[in-house]
Amino acid sequence: MGPRSRQRRTGTVQSTNDSSSLSKRSLAAQGYVSDAFAPLLVPGIVRRTPLIHRGYYVRARAVRHCVRAFLDLTGAIRSPTRAQILSLGSGSDSLYFRLKAAGLLTRTAVWEVDFPDVSRLKAKRIEETPELCAQTGPFKIGDSASTLCFESSDYRILGADLRELQRLGEALDSAGLDATSPTLILAEAVLTYLEPSRAAALIAWVAQRFPNALFVIYEQMKPGDAFGQIMLQHFRRLNSPLHGLELFPDVEAQRQRFLQAGWTTCSALDLNEFYRRLIPADERRRVETLEPFDEFEEWHLKCSHYFILAASRGDILSETPVFLPSEASFQIDPALPSGFLSASVVTSDHQHSSLQRYGHTSVLLSPGIIFSAGGFGEQEGRHCRVSRFHLLSRSCDSEWKGCQISTLGTEGQWDGRLYHTMTRLSDTRVLVLGGRLSPVNPASGALQLDIYKSEDNCPEGQNVVVTKAALEEGSMLSCWRHSTTEVYYQNQRYLFVYGGRSVTDPVLSDCRFLHVETMAWVRIPVQGSSPEGRHSHSACSWQGGALIAGGLGASEEPLSSVFFLRPVSSGFLWESIHIQPSITPRYSHTAHVFNGKLLLVGGVWIHSSSVPGVTVISLTTGLSSEYQIDTASVPWPLMLHNHSSALLPEEQQLLLIGGGGNCFSFGTYFNPHTVGLDLSSLGLGQ
C-alpha cells in the first residue's frame, strides 16, 4: 500500500470512527448507558434515531458483558502480574475511563491501538480535558515520531497499523505489554475491515503471542440475504468494504475460524440471542420504554446481522465460558424445505409509477385491480409518508401495470398514515381503520375511500375521494399494526378488529366487531382462552371466522401460535390450532388461505439464521411445511417484511407488493417492483 492509499484508508477509518463515536455519545445522552466521558472525547452533538440507539446499546452491552467476565475471572485469581486489556481499533472509545471511574482497574491496565492520526488526536483531547486527566493521573505525550502517543501508569495509546504485525509487536513490547499476563484482546468492528489474509494472520498472531488470552470481537455477518446485501452496499459506498463475510457468513463459521487458528475454546452469539438471553428482563423493559419506537423489523434484522464472539486460550481463561449456556435452546429453525416457489417480476412500470413504500396496505378490488394506500416511501424525490394512492391493474392476459392516482376535490385528503388496515366494501369503496402518523401520533378516525373511474376507463385517469367514515361517535380506533378481518355472525357481515399497539400499550388484545351494514360497533360474545396480546400478526377470513397467526408479543418476541376465531351459535370461540412440526415464530408477514391451507408469507424471525419463505399449514391436519422462495429471477434484493400481498387463486399466484424498511444506519430500502410467486406446486394434493 502506497502513502496515498494509506492516507485515504486512514481518512476513511477516521470518518467511520467519528460516526460511531457520535452514536455512542448520543446513546449516553438519551440514557441508554451511563457514560460521562463520551462527550469529553467526541466533539459535536448529534441525536441519533431510536433504532440507532438500540443498535449501539446492544453492542455496548455485549462488549461490557465480555469485559466484566474477563475482569471477574482475572480478579478471582492471584497473579504476580496485573491483567491487561488490549483494545484494537479503539478510536474514541471511552472504555478505559469508564472502568477507571468504576474502580475496576486496580489490578488491570489498558492498551489501545489505532491508526497514528486517530491515536494522536485522542491523546491530544485527553491532554486538553481536565476531567480526563483526572482519571489517568500523571501522563506523558509521545512525540510525532513515536508509536506511543499517550502513557500513564495504567493506560497507553499507540498509533500503529494492525496489518504490520512485526511492528505492532515491537510497539507493544516497548509500551510494556506483558505477553504472559492474562490479556483481553478487544476488537469492535475491526477484523472485517482487514483483507481476509490479514485478519487471519492477526488472529493467529494473537493466539501465538498470548498464552492466556480472551479474544472478543463484534462484527457483521450474514451477507447473503437482502438486509446483508444492503449492508455490504453501504460500506462499499463508504470506501470501507467488509471483507471475509462470504468466507465466514455465520456464527458457526466464525467459531471454526478461531478454533482452527489455535484458540482453545470459542463461543459466539448473534445479538438477538445475546439481548434476550443475557440482558435481564427488567433492563430490557427499561430500554424499551426510553423512547417511542416502532421499527421492530429493522431492530431485529440488525441484531441478526451482528455477533459477539469470545475465544480463549490458557487454563485461566478457558475454564469458565463467557456466555453461559441456557437451559432451552434459543434456536427454533424451520423444518427442512419441502420445495421452492419461484419468484419473478410481474411489473415493468417506470419508477414514477411503481410502488416503492412499506407500512402500506393493499386490497384486491377485483381480479384485475389492486389498490394500495399509505406507508412510507419515495415521493417526488424524497422519502416521506406517502400521500398518493397506487393502482396495480391489468386487462385480460396483459401484464400488470402500476400507476399513481390522486385525490379528487378538496374536501378530504389522505393523512399519510402507516400500519393501518383496508377492507374492500365494494369494487369501488374501501374502509380504512387505524394506523399512525408517528409512534406518538395515531391517525385520526376511520376513512372511506371511493375510487372513481375516468370516462375512458384509463387507470391513470381514476381519482379517489377521501371522506371520514360514518362510524358512531366515541368509537375512535387509536391503534396500528392491528388486523381487520371479515367474519360472519347470524348471516351478518362484520369486521373483526384484533390486536395492534397504541401510544400507551405496547400490545393490545382487544376484540372489536364492526357491523358493516350499519357501520356500528357491536358487542358479540367471544368464548375460549384468548390469545396473548400481539401486533404485526396476520389475519385471514376462513369459514366465517378469522385465522390469527404469529405477531410480536408484549416482550417484543415473535410468536408462533395460530388461533381460529370460530363462529358458534352464541358468538365466536377462540381455538388454538395445533401445528406439527412446530413453526418458527415470526411477525410482519402476510397470510392467505389457499386450497385449504394457510400460507404465511415472508416476515421477520429472530430464532433462526435462515430467511422466512412461505410456511404452508394444512387447516384440516395441522401439518406444516416450509417452502423457500427462489429469487434467482428477481434482479434486486427482495425484502419480505412491511409488505402487502394479493392472492390470485385462479391463477395460482401470489403478488408481493412493496416492502422494505430503514436498514439501521445503512439506508432505507424499498422493493422497486411487484413480484409474483408461483403457487402451482401447492395444489390440492400437496
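The backbone N, Cα and C atoms fix where each Cβ goes, and this holds for glycine too.
Positions annotated as region 'Disordered' by Swiss-Prot: 1-22.
As annotated by Swiss-Prot, compositional bias 'Polar residues' applies to 10-22.
The feature S-adenosyl-L-methionine binding site is assigned by Swiss-Prot to R59, G89, D114, D161, L162, E188. In the three-state DSSP classification, E188 (S-adenosyl-L-methionine binding site) falls within a strand. Here E188 (S-adenosyl-L-methionine binding site) comes close to R59, V63, G89, D93, I217, Y218: these same-chain residues lie at least six apart in sequence, with C-beta atoms under 8 angstroms from its C-beta.
With a cut-off of 8 Å between CB atoms and residues at least 6 apart in sequence, the same chain places L88, G89, V113, L168, V190, L194, R198, L202 near L162 (S-adenosyl-L-methionine binding site), listed in sequence order. In this record, S-adenosyl-L-methionine is bound by R59, G89, D114, D161, L162, E188; the longest C-alpha to C-alpha distance in that set is 24 Å. A coil conformation is recorded for L162 (S-adenosyl-L-methionine binding site) in the three-state DSSP classification, outside any helix or strand.
Highest local Cβ density among the binding-site residues D114, D161 belongs to D114, counted as other Cβ atoms within 10 Å over all protein chains shown. DSSP gives D114 (S-adenosyl-L-methionine binding site) a strand state. When Cβ atoms from all protein chains are considered, those within 10 Å of G89 (S-adenosyl-L-methionine binding site) total 22, not counting its own.
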